[in-house]
């Protein structure tokens with residue numbers, strides 16, 4: 001009896017203390033993947049609902065007729081062919097190209113120049129850095145109001161200074177009110193507002209350059225211009241590429257400053273593609289055609305970005 005009791009006790013003990021079954025390698029991998037995907041699932045779900053979904057819907061809508069209330073009808077390539085007949089679209093397209101062609105290089109040069117200057121040990125350097133960056137973070141509405149006051153054709157300080165310098169009152173620029181000067185006004189505003197942000201990016205790039213390169217250039221008797229051209233510029237090539245891509249995308253999708261300063265006028269002199277999309281979608285309620293214009297803008301920016309990447313890779 002005692003022997004049987006001990007045997008039962010050993011059996012129960014072994015059963016209670018038996019080791020759990022180990023998971024297979026595939027099961028452990030699946031569990032780790034499940035945990036990882038559970039962390040990114042909320043962000044991916046939000047991206048799919050609020051970003052990817054609208055993009056796909058807009059792509060499909062480019063081939064449809066829809067005004068937001070009546071049933072959707074298939075349009076085929078009608079909107080695409082209409083692009084070539086739409087004079088307003090052509091004007092907006094070329095205005096966007098002009099804005100980008102001037103805004104990108106001028107902003108890049110101004111940002112680089114400010115970064116090089118404010119990277120030196122000068123008086124009140126931190127103050128000037130903050131002052132240059134302030135327009136980028138300031139309220140666009142407030143900045144646009146101040147800008148319109150400065151460039152007012154009749155009583156603005158800019159025209160008053162030009163008049164003091166001897167410019168004939170009849171030849172004073174009309175700025176935003178003149179179809180010949182409106183684009184210049186918008187470009188100047190864009191440069192002034194954005195150059196502080198890209199200045200900060202260039203400052204980060206400048207501070208990452210090895211100081212020994214400048215010391216070696218000094219030993220070789222290089223001038224300040226030679227050091228800038230043969231040391232600073234090549235070392236900043238990745239930064240310049242990033243800035244140029246970001247500026248190109250920003251310039252092609254410019255809208256807010258056009259809306260606040262000129263609203264596309266006078267006439268269509270400052271009408272750009274994104275503002276044309278806005279007019280077609282929310283003023284005319286031609287959602288299908290506006291989606292086609294947006295699709296053309298997407299492929300235009302994509303093409304230019306690919307060209308920039310390939311050009312940089314070849315260099």
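Positions of Cβ are set from backbone N, Cα and C atoms, glycine also.
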Annotated stretch (transmembrane segment, per TrEMBL) among the listed ranges 181-204, 205-228: 181-204
Which listed span TrEMBL calls transmembrane segment, if the choices are 1-33, 34-66: 34-66
Contact ranking winner - 34-66, 130-150, 181-204, 290-309 against the transmembrane segment (258-278), Cβ under 8 Å: 181-204
Chain residues in Cβ proximity to the transmembrane segment (290-309) (below 8 Å; excluding those fewer than six residues from its ends, i.e. six or more beyond): 58-59, 61-64, 79-80, 82-83, 89, 241, 244-245, 248-249, 252-253, 273-274, 276-278, 280-281, 284
Chain residues outside the transmembrane segment (130-150) and at least six past its termini with a C-beta under 8 angstroms from it: 114, 118, 156-158, 176, 189, 192-197, 199-200, 256-257, 260-261
